[in-house]
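Written out below as structure tokens is the structure these notes cover.
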Amino acid sequence: MKKENPLAIVILAAGKGTRMKSELAKVLHPVFGRPMIQHVLASTAGLPSDKRIIIIGHQRHAVREALADDACTFVVQEEQLGTAHAVLTAKEAIADDCEDVMILCGDTPLISGQSLEEMYDRHRTNSATVTLMTTQLGDPTNYGRIISDNAGNLLRIVEEKDADPAEKRIKEINAGIYCVRRDFLYRALQKVENNNSQGELYLTDIIDLAVKSEQKVQRYLAPEPKDVLGVNSRIELAMADEELRMRRNREVMLTGVSMILPATIMISSQSEIGFDSLVGAGVELRGHCQIGSNCKIDTGAILTNCKMESGSHVGAYSVLTGCTVAADEKIPAQQREEE
């Protein structure tokens, strides 16, 4: 009999994110209009699971509030003892008959649902004990390196701070996403030790434990390295925001919409634009905007929850909120209107 919920999803969101140099918890920093952890959670929507567990710690109440509209189970990691310890805290929240656990980090807002679904399918099809997502980076600094044998078989992960010079030259890195058989996972976590430079319990150690116990371990190589970008600085935050904005803009342009300097334009995921419309540089469509066909929105205009009927025109630097622009109507430049 097929199980209804063979998979539990665990998202790690307890850390402080000190490199962000912010009082705001790292996973709550906005990327393309919403906290980055919401993007991670959304990427799991296509997986066969109704159990999404968020490990919280730093600013736990704020993280709970940010995800209040999502069906999540929250587990508190009282002490920050490492990623293995974080996953261990989720044990009681996972049903005993659950077969697999997928573990993600709350600071990877670019991860695609397609990659997660492909990884999970491969994990199940190949009857693997552990499937690890990896990728190749030109500059692998700050990432754990993948150590393989001469045949290319995955052996272990070495964290940056524990890597020797030869290991640091390795370009294949740990993307921080795992799919693990539940029964093996919690046996292995009990064996993880903190004998490393950080004195922490590393989740990465389960790879070495799986190999040594002759479990089936495989990698899923992420096709797009930027998809697994971990946001650890304001620079990476800006990069992630730009990438999601451009993904959205490419999607819109493919429907027959023209854009001037698309890298400067922000179109919310809830907004719709008809074909043969022209969007100027620096335009922002916030909330739920409905733009008809043959519309024109000039440079720097900001529309929030607005409707533009076909053939209408909004002038440069106008700011409209909750407005309806009638067919063929033109709103002059620099107008401020709210309804």
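Every residue gets a Cβ built from N, Cα and C, even glycine.
Record check, Swiss-Prot: UDP-N-acetyl-alpha-D-glucosamine site residues include Leu12, Ala13, Ala14, Gly15, Gln77, Gly82, Thr83, Gly144, Glu159, Asn174, Asn232, and the candidate from Lys26, Lys91, Lys216, Lys226 also listed there is Lys26. The binding-site residues considered are Asn174, Asn232; of these, Asn232 has the fewest other C-beta atoms within 10 angstroms of its C-beta.
Residues in the region 'N-acetyltransferase' (256-339) partition by DSSP class (helix H, G, I; strand E, B; coil) as 3 helix, 32 strand, 49 coil. When the binding-site residues Leu12, Ala14, Lys26, Gly144, Asn174 are screened for a Cα within 10 A of the Cα of Asn232 (Mg(2+) binding site), the ones that qualify are Lys26.
Minimal Cβ crowding within 10 Å, among the binding-site residues Gly82, Gly144, is found at Gly82.
For the pair Asp107 (Mg(2+) binding site) and Ala14 (UDP-N-acetyl-alpha-D-glucosamine binding site), the Cα-Cα distance reads 11 Å.
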